[in-house]
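Following: one structure in structure tokens, then a few remarks.
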Amino acid sequence: MVATRGRPCPTNFSRPQRPRVAGNGTKSQRCRGRLTTSMLGVAPEAKGPPVKVHHLNCGTMNAFGIALLCHVLLVETDDGLVLVDTGFGIQDCLDPGRVGLFRHVLRPAFLQAETAARQIEQLGYRTSDVRHIVLTHFDFDHIGGIADFPEAHLHVTAAEARGAIHAPSLRERLRYRRGQWAHGPKLVEHGPDGEPWRGFASAKPLDSIGTGVVLVPMPGHTRGHAAVAVDAGHRWVLHCGDAFYHRGTLDGRFRVPFVMRAEEKLLSYNRNQLRDNQARIVELHRRHDPDLLIVCAHDPDLYQLARDTA
């Protein structure tokens with residue numbers, strides 16, 4: 001399958017092992033059985049910016065004595081809820097073995113109360129209110145909760161979908177946990193085309209979600225890893241996923257623990273790309289833009305800073 005133009009396909013596939021993919025009407029991309037507005041060249045209705053951004057911990061972990069978490073964004077919009085990553089999900093908590101042996105390294109707590117689904121319910125919403133999930137990448141600690149939102153459209157770079165689903169290498173087949181998407185999510189792939197955004201050359205506004213959600217390709221950690229920028233009103237939040245692990249990467253005041261540096265190297269798909277994107281992130285951090293907050297997926301201090309200043 002090839003990258004789509006980011007518009008969801010309403011037709012379900014019969015094989016649950018293959019995520020449903022958006023189409024634009026070409027032979028390899030079309031949705032079988034019915035036309036969509038994207039096939040007819042009809043532009044999607046414009047949607048407004050996010051209303052509120054919540055910062056959730058969806059997975060407490062303890063790797064070799066280092067406290068970590070899964071930093072997830074919950075974005076309220078006029079058209080429903082949007083998640084940036086999901087952390088661990090309910091099925092992960094019920095069956096920890098499904099995330100693989102690496103759980104013995106990260107040592108997740110697997111608390112159902114920390115899942116995005118349960119926290120959304122605590123906020124007074126239903127899981128069906130989640131319309132879109134934007135993934136930084138397909139690692140198990142980022143996508144474990146997607147099965148808790150089966151009707152949400154799952155946005156990802158086409159490169160990441162290729163590496164995880166369509167044409168994974170041997171290393172990628174060992175890395176990803178296919179059971180986490182066995183329910184057949186509605187996959188929306190986004191190609192490499194885009195426009196400049198704060199020093200990054202090819203950012204893609206996700207207009208089908210809203211005017212304030214931007215997918216920023218940052219390959220290196222995985223084949224198609226991306227950051228996600230969200231307009232929170234008084235500032236932009238740039239969720240860098242696993243483009244870096246620790247706040248020490250941003251400045252020299254804090255030393256990145258050896259375990260995290262080793263893990264970063266071990267898990268990187270392309271170290272040169274990873275270093276290049278980290279250099280861009282550091283440069284952006286040093287500008288001290290007052291309307292920008294940079295966070296990553298696993299640093300507890302950056303997570304707390306985001307919550308304290310939300």
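Backbone N, Cα and C define each Cβ position, glycine as well.
According to Swiss-Prot, the region 'Disordered' annotation covers 1-29.
Listed in sequence order, His137, Gly241, Asp242, Ala243, Glu264, Leu267, Ser268, Tyr269, Leu274 are the same-chain residues six or more apart from His221 (Zn(2+) 1 binding site) with CB atoms under 8 A from its CB. A coil conformation is recorded for His221 (Zn(2+) 1 binding site) in the three-state DSSP classification, outside any helix or strand. For His137, Asp139, His221, Asp242, the entry in Swiss-Prot reads Zn(2+) 1 binding site.
In sequence order, Cys70, Asp85, Thr86, Gly87, Leu135, Thr136, Gly241, Asp242, Ala297 constitute the residues six or more apart from His142 (Zn(2+) 2 binding site) in its chain with CB-CB distances below 8 Å. Residues annotated as Zn(2+) 2 binding site in Swiss-Prot: Asp141, His142, Asp242, His288.
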Local Cβ density at Asp141 (Zn(2+) 2 binding site) - other Cβ atoms counted within 10 Å: 25
Other CB atoms within 10 A, centred on Asp139 (Zn(2+) 1 binding site): 24
Nearest-integer angstrom distance between the alpha carbons (Cα) of Asp139 (Zn(2+) 1 binding site) and His288 (Zn(2+) 2 binding site): 30
Shell of the Zn(2+) 1 site beyond His137, Asp139, His221, Asp242, same chain only (C-beta within 8 angstroms of their C-beta centre): Thr136, Phe138, His142, Thr222, His225, Gly241, Ala243, Leu267, Ala297
Secondary structure at His142 (Zn(2+) 2 binding site), reduced by DSSP to three states: helix
Lowest local Cβ density among His137, His288, which the record lists as binding-site residues, within 10 Å: His288
